[in-house]
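Q: This is the feature table in TrEMBL:
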| type | residues | note |
| --- | --- | --- |
| DOMAIN | 1-360 | domain 'FMN hydroxy acid dehydrogenase' |
| BINDING | Tyr25, Arg165, His255 | glyoxylate binding site |
| BINDING | 78-80, Ser107, Gln128, Tyr130, Thr156, Lys231, Ser253, Arg258, 286-290, 309-310 | FMN binding site |
| ACT_SITE | His255 | active site, proton acceptor |
Amino acid sequence: MGEITNVMEYQAIAKQKLPKMAYDYYVSGAEDEWTLKQNREAFSRILFRPRILIDVSKIDMTTSVLGFKISMRIMIAPTAFQKMAHPDGEYATARAASAAGTIMTLSSWATSSVEEVASTGPRIRFLQLYVHKDRKVVEQLVRTAERAGFKAIALTVDTPRLGRREADIKNRFVLPPHLTLKNFEGLDIGKMDKTNDSGLASYVAGQIDRSLSWKDVKWLQSITSLPILVKGVITAENARLAVHAGASGIIVSNHGARQLDYVPATISALEEVVTAAQGRIPVYLDGGIRRGTDVFKALALGASGIFIGRPVVFALAAEGEAGVRNVLRMLREEFELTMALSGCTTLADIKRSHILTEGNRLRPVPRL
Ligand code: FNR
């Protein structure tokens with residue numbers, strides 16, 4: 001393996017190392033994968049307007065998320081089944097996030113339990129929640145997360161049914177037999193059966209509550225005092241509803257383009273959501289972040305932080321914990337360099353006027 005100089009290089013290594021069924025599961029988007037391409041391409045249509053001759057000898061990236069101090073605004077999104085990428089799975093991701101001083105979000109469908117991840121040491125962590133039809137299961141998981149010191153819940157709202165991921169259908173995707181959904185072990189819902197379809201799509205159809213609605217955000221608030229981030233908002237209308245429902249934050253996400261195809265790239269939807277949230281709750285973003293310049297663009301458009309998904313699983317597959325550490329290090333260094341080259345020494349210096357989107361190429365140049 002030659003020297004890795006950017007996070008995208010891990011994808012090719014993962015492809016070589018992983019069984020086809022696992023790699024296809026990680027890499028795929030829904031249907032035509034139009035949104036999957038847009039999640040990346042939309043970043044390349046945003047250009048910089050750097051400020052020059054500013055003393056950038058010291059740059060401060062420390063920040064807080066929901067009141068918790070972290071080292072940078074780059075966090076880890078929930079991705080399921082990490083032990084399929086590497087035997088250390090979620091343990092490796094948790095350790096790498098801790099070493100980098102940032103937040104890991106653990107998937108409901110993790111192959112390591114909430115307690116196992118907590119056993120890697122006390123850190124700020126979030127739990128991603130899918131709402132099962134059996135609400136007792138959900139309540140139990142939330143309680144376990146509270147006890148294990150998790151600090152927030154990311155409620156995924158874009159998955160009443162699983163998007164159509166055709167590679168998983170062709171591969172008849174199921175979890176390898178030695179792995180289980182560890183959070184549900186012993187509950188008879190920790191296994192995925194082989195079917196004539198994507199095994200995961202059948203699992204979701206059988207287990208996940210399609211009737212989930214805004215009133216269930218209230219229900220969740222009634223069973224926990226943890227802050228709730230609504231993950232999967234990409235319109236102003238839904239942003240207003242999330243504020244109204246008492247969410248503590250919004251994650252602008254299209255689930256890594258794995259749910260509804262032909263929704264816009266998240267970076268293209270971000271500004272409308274930020275405007276609708278009116279600063280009442282923080283807005284985060286995931287989808288297609290692969291460079292420090294992408295992080296900067298998201299913050300300039302009003303995001304309070306970003307999450308990465310696939311770069312973590314590909315790096316895990318390639319090098320385990322060391323790979324995830326390297327991904328976080330490279331993104332941090334690239335982001336710091338982008339700040340310096342744009343003339344920003346603190347996060348508060350990053351302004352909308354540092355970037356140019358297609359929508360405002362024709363607008364008059366802002367007065368500085
Ligand atoms: C996901 N994502 C996801 N989201 C969620 O809420 N719960 C989950 O269990 C998973 N699992 C999952 C597995 C894999 C393999 C991928 C690629 C994605 C979506 C994830 O949290 C995030 O929204 C996207 O991955 C962000 O896009 P990028 O960084 O992968 O482009």
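Yeah, the Cβs are placed from backbone N, Cα and C, and that goes for glycine too.
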Q: Where the distance is taken from Cα to Cα, which of the binding-site residues Tyr25, Arg165, His255 turns out closest to Pro78 (FMN binding site)?
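A: Going through Tyr25, Arg165, His255 one by one, the closest to Pro78 (FMN binding site) is His255.
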Q: Cβ distance under 8 Å to Tyr25 (glyoxylate binding site), same chain, sequence separation 6 or more: which residues?
A: Phe81, Met84, Arg165, Ala167, Asp168, Asn171, Phe173, Leu200
Q: Around the Cβ of Arg165 (glyoxylate binding site), how many other Cβ atoms lie within 10 Å? Please give the count over every shown protein chain.
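A: Here the count is 24.
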Q: Are any of the binding-site residues Arg165, Gly288, Gly309 near ligand 1, with a Cβ under 6 Å from it, and if so which?
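A: Gly288, Gly309, by Cβ distance under 6 Å.
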Q: Cβ distance under 8 Å to His255 (glyoxylate binding site), same chain, sequence separation 6 or more: which residues?
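A: Result: Thr156, Asp158, Thr159, Gly163, Gly232.
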Q: Suppose we draw a 10 Å sphere around the Cβ of Arg258 (FMN binding site). How many other Cβ atoms does it contain, all chains included?
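A: Cβ-Cβ neighbours of Arg258 (FMN binding site) within 10 Å number 23.
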Q: Within 10 Å of each Cβ, count the other Cβ atoms and name the one among the binding-site residues Pro78, Gly309 with the highest count.
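A: Sorting the candidates by Cβ neighbours within 10 Å, the top entry is Pro78.
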Q: For Thr156 (FMN binding site), what is the secondary structure by DSSP, using just helix, strand and coil?
A: strand
Q: Counting only residues 6+ away in sequence within the same chain, which have a CB under 8 Å from the CB of Gly288 (FMN binding site)?
A: Asn39, Arg40, Ala42, Phe43, Ala265, Thr266, Ile267, Asp294
